[in-house]
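Quick look at what Swiss-Prot annotates:
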TRANSMEM  29-46  transmembrane segment
BINDING   HIS118  chlorophyll a ChlzD1 binding site
TRANSMEM  118-133  transmembrane segment
BINDING   TYR126  pheophytin a binding site
TRANSMEM  142-156  transmembrane segment
SITE      TYR161  site 'Tyrosine radical intermediate'
BINDING   ASP170, GLU189, HIS332, GLU333, ASP342, ALA344  [CaMn4O5] cluster binding site
SITE      HIS190  site 'Stabilizes free radical intermediate'
TRANSMEM  197-218  transmembrane segment
BINDING   HIS198  chlorophyll a PD1 binding site
BINDING   HIS215, SER264, PHE265  quinone binding site
BINDING   HIS215, HIS272  Fe cation binding site
TRANSMEM  274-288  transmembrane segment
Amino acid sequence: MTATLQQRKSANVWEQFCEWITSTNNRLYIGWFGVLMIPTLLAATTCFIIAFIAAPPVDIDGIREPVAGSLIYGNNIISGAVVPSSNAIGLHFYPIWEAASLDEWLYNGGPYQLVIFHFLTGVFCYLGREWELSYRLGMRPWICLAFSAPVAAATAVFLIYPIGQGSFSDGMPLGISGTFNFMIVFQAEHNILMHPFHMLGVAGVFGGSLFSAMHGSLVTSSLVRETTENESQNYGYKFGQEEETYNIVAAHGYFGRLIFQYASFNNSRQLHFFLAAWPVIGIWFTALGVSTMAFNLNGFNFNQSIIDSQGRVINTWADIINRANLGMEVMHERNAHNFPLDLAAGEVAPVALTAPAING
C-alpha cells in the first residue's frame with residue numbers, strides 16, 4: 001500500500017505569497033515593510049492631491065475663521081496647502097468616523113491628520129524596507145541609518161512639535177508658503193536661529209552640499225582617460241568594471257596641495273563614510289532641536305545683554321532679531337490672541353490705587 005501526502009492548497013498559496021514578497025528578483029522589492037508602506041503612502045498621496053485641489057476652507061485657529069488652502073478656492077501652487085486640523089480638535093485623533101458629517105470633518109481639517117499619519121507610517125516602513133532589502137542582499141545596514149535623518153525631521157515637524165504645543169493646528173502645513181509660514185512663526189516663538197542644534201543642522205546641509213560638490217568635481221577632474229576627444233567621457237566606464245574609473249592618488253595630490261595634506265582623504269572608504277555622516281548627523285541635530293523646542297526649550301536669549309554705565313541698553317544683533325521676532329509674533333494668528341505671549345509676559349506696571357482729587 002502506498003500513502004501520498006499532499007499539502008493543503010491554502011498553505012501552498014501562502015508560501016508562494018511569502019516567497020514573492022521577500023524575493024530580491026522582483027523589479028521592485030516589496031518586503032514585509034512594503035506590505036504596509038504601499039497602502040499607507042498611496043492613501044496619503046491620494047488624500048493630499050484631492051485636498052490640495054478641492055478641500056474647503058479649514059478653521060485652523062478654532063475661532064470660526066476658515067483658511068482656504070486648495071486650488072479650487074483661489075490658491076495657486078505656491079500659496080496652496082493642505083491646512084492643518086483645527087485648534088478646536090487639539091491633539092484628538094480625528095478620523096472621518098469621529099465627525100458628525102463629512103462637511104464637519106473637512107471644516108475641522110480632518111484630511112491633514114489622514115495625510116500625516118499615513119505619510120509618517122509610510123516613511124517609517126520605507127526606512128524598514130531599506131534595512132530589509134539590505135539584509136536580504138547581505139549588505140551592511142547603513143543606508144536606512146542615513147535615511148533616518150529626514151525621517152526624524154519629518155517626525156519632528158508633523159508629530160513631536162504638535163504634541164509639545166498641544167494641537168495639530170501647530171503642525172507644518174502641507175504646502176510651499178505654508179512651510180514658510182511655519183518657519184517664520186517657529187522663529188518668532190522659539191528663536192530657532194539662535195539654537196545651537198539648528199546651527200549644526202545648517203552646517204550639516206550646507207557642508208554636505210559643499211563636500212558633495214567638491215567630491216564630484218575632484219572625481220570628474222581625475223577620470224582615467226578611456227575615450228578619444230570625439231566621444232563622451234562617460235563611454236569610458238562600463239558598469240561592473242573592476243578597474244577604478246578615476247585616479248584617487250591624483251585627486252588626493254591635487255586637494256592636498258590646494259589646502260594642506262591632511263585635509264585630503266587617502267582612503268576611499270573613510271571619505272564616503274564622511275560624506276554620508278556629515279549631513280546625516282547635522283539633520284539629526286536639527287530634528288532634535290525642533291523636538292526640544294516643541295516643549296518650549298528655546299534658542300539662546302541674548303536680548304539687552306549689554307548696557308552702559310548709566311544702565312542704558314546698547315543694542316546688539318540679538319536685539320534686532322528679538323524686535324523682528326516680536327513683529328512676526330504679533331502678526332500671526334492676529335485674531336486668536338488678545339495679548340501675544342512675549343508682550344503679555346513683561347513686568348507689571350504700577351498703577352494708582354486711588355483716583356486723584358479733581359479741584360473745581
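Cβ from N, Cα, C; glycine included.
This view paints the features noted in Swiss-Prot onto the structure.
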{"residue": "HIS118", "record": "chlorophyll a ChlzD1 binding site", "CB count, 10 Å": "20"}
{"residue": "TYR126", "record": "pheophytin a binding site", "CB count, 10 Å": "18"}
{"residue": "TYR161", "record": "site 'Tyrosine radical intermediate'", "CB count, 10 Å": "22"}
{"residue": "ASP170", "record": "[CaMn4O5] cluster binding site", "CB count, 10 Å": "22"}
{"residue": "GLU189", "record": "[CaMn4O5] cluster binding site", "CB count, 10 Å": "20"}
{"residue": "HIS215", "record": "quinone binding site", "CB count, 10 Å": "17"}
{"residue": "SER264", "record": "quinone binding site", "CB count, 10 Å": "18"}
{"residue": "PHE265", "record": "quinone binding site", "CB count, 10 Å": "19"}
{"residue": "HIS272", "record": "Fe cation binding site", "CB count, 10 Å": "12"}
{"residue": "HIS332", "record": "[CaMn4O5] cluster binding site", "CB count, 10 Å": "15"}
Nearest-integer angstrom distance between the alpha carbons (Cα) of GLU333 ([CaMn4O5] cluster binding site) and HIS198 (chlorophyll a PD1 binding site): 25
Whole-number Å value for how far HIS190 (site 'Stabilizes free radical intermediate') lies from HIS198 (chlorophyll a PD1 binding site) (Cα to Cα): 11
Folded-back contacts onto the transmembrane segment (142-156), same chain, C-beta under 8 angstroms, at least six residues removed: 119-120, 123-124, 126-128, 130-131, 134, 276, 279-281, 283-284, 286-288, 290-291, 294
Spatial separation of PHE265 (quinone binding site) from HIS272 (Fe cation binding site) - C-alpha basis, Å: 10
Alpha-carbon distance [HIS215 (quinone binding site); GLU189 ([CaMn4O5] cluster binding site)] in Å: 39
Residue from HIS118, TYR126, TYR161, ASP170 whose C-alpha is spatially nearest that of SER264 (quinone binding site), among the recorded positions: TYR126
Binding-site residues near TYR161 (site 'Tyrosine radical intermediate'), in sequence order, restricted to HIS118, TYR126, ASP170, HIS215, PHE265, HIS332 and a 10 Å Cα cut-off: ASP170
Cβ atoms near HIS190 (site 'Stabilizes free radical intermediate') (within 10 Å, other residues, all chains): 23
For the quinone site built from HIS215, SER264, PHE265, further residues of that chain with CB within 8 A of the site's CB center: MET214, LEU218, ALA251, HIS252, PHE255, LEU271
Length of the line joining the Cα atoms of HIS215 (quinone binding site) and the residue listed as 'pheophytin a binding site', in Å: 28
Number of Cβ atoms other than its own within 10 Å, given for GLU333 ([CaMn4O5] cluster binding site): 16
